Structure formats: C-alpha cells, structure tokens
Amino acid sequence: MGRRDAQLLAALLVLGLCALAGSEKPSPCQCSRLSPHNRTNCGFPGITSDQCFDNGCCFDSSVTGVPWCFHPLPKQESDQCVMEVSDRRNCGYPGISPEECASRKCCFSNFIFEVPWCFFPKSVEDCHY
C-alpha cells in the first residue's frame with residue numbers, strides 16, 4: 001500500500017468514526033448567544049451548515065473574519081440559562097444551594113469559579129440559528 005493509499009484510508013476512517021459518533025444539534029440559544037469573537041472553530045474550510053450541525057456544532061456565516069462553524073455554549077437545564085458567563089447577573093449569594101437558587105426561579109451552574117453560580121434567566125425570544 002502506497003503513501004497516498006494510506007492517507008486516503010486514514011481520512012475515510014476518521015470520516016466514518018465521525019459519522020458513527022453522531023452529535024446532537026445544539027439549541028438556537030447555544031449558538032446565537034455566543035459572541036462572534038469567542039467562537040472556537042469546529043469545522044473545515046467550505047463546511048456546509050448541515051455538515052456543521054451534524055457534528056454537533058453551530059453555523060453562522062453572517063460575520064466575516066470569525067469561524068462560521070463553531071462549538072456551542074454548554075447545554076444547560078433550560079435554554080433560558082444558556083449564556084456566556086460575562087452575561088450572568090447575580091441572583092443569589094456566595095454558597096447558595098441549587099435548591100435555594102431554583103426557589104428564586106433562577107439558573108444554577110457551579111462549573112466556573114469567580115462568576116455568579118446563581119443567575120437570572122434570559123428570555124429565549126432572542127435565540128435563533
């Protein structure tokens with residue numbers, strides 16, 4: 001087997017594994033609430049929106065100079081809670097429990113330090129692909 005054949009076989013193997021993995025399409029809020037300058041590339045030059053979404057990524061070609069296929073914001077319990085950490089408005093106090101936060105009808109996520117863990121939700125009216 002020549003070098004070119006090995007490269008082709010490797011490319012087909014990677015594509016096959018990607019197809020088997022099958023990712024869930026992100027929600028509109030996971031895509032549209034991410035600032036263009038914070039996008040992390042998730043595709044290759046010339047990728048289509050369908051290919052991008054099939055990989056579990058977001059697609060938006062309306063802004064030049066930034067990736068069009070990009071990784072989404074992390075999934076939350078509710079789309080109202082999907083936002084960049086810089087957009088969080090505090091709804092609690094240091095050490096608040098998830099239960100107390102929920103009783104205030106707020107969102108809770110304690111994965112990132114030095115940002116509000118209990119924060120106000122946002123309307124999903126502004127979310128779009």
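The backbone N, Cα and C atoms fix where each Cβ goes, and this holds for glycine too.
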- Item | Bond partner of Cys106 - disulfide, per Swiss-Prot - picked from Cys91, Cys127 | Cys91
- Query: According to the record in Swiss-Prot, which candidate from Cys58, Cys69, Cys81, Cys127 pairs with Cys107 in a disulphide?
  - Reply: Cys81
- Please name the cysteine among Cys29, Cys31, Cys69 that Swiss-Prot pairs with Cys52 through a disulfide bond. Cys69
- Of Cys58, Cys69, Cys91, Cys106, Cys107 (the disulfide-bonded residues), the residue whose Cβ has the fewest other Cβ atoms within 10 Å: Cys91
- Just jot down the residues in the same chain as Cys118 (disulfide bond), at least 6 apart in sequence, with C-beta under 8 A of its C-beta; none if empty. Asn90, Cys91, Gly92, Tyr93, Ile96, Glu100, Cys101, Arg104, Cys106, Cys107, Phe108
- Task: Looking only at the domain 'P-type 1' (29-73), report the model's average pLDDT.
- Result: 97
- Around the Cβ of Cys42 (disulfide bond), the count of other Cβ atoms that are within 10 Å: 19
- Message: Cα-Cα, whole number of Å: Cys81 (disulfide bond) versus Cys29 (disulfide bond)?
- Response: 9
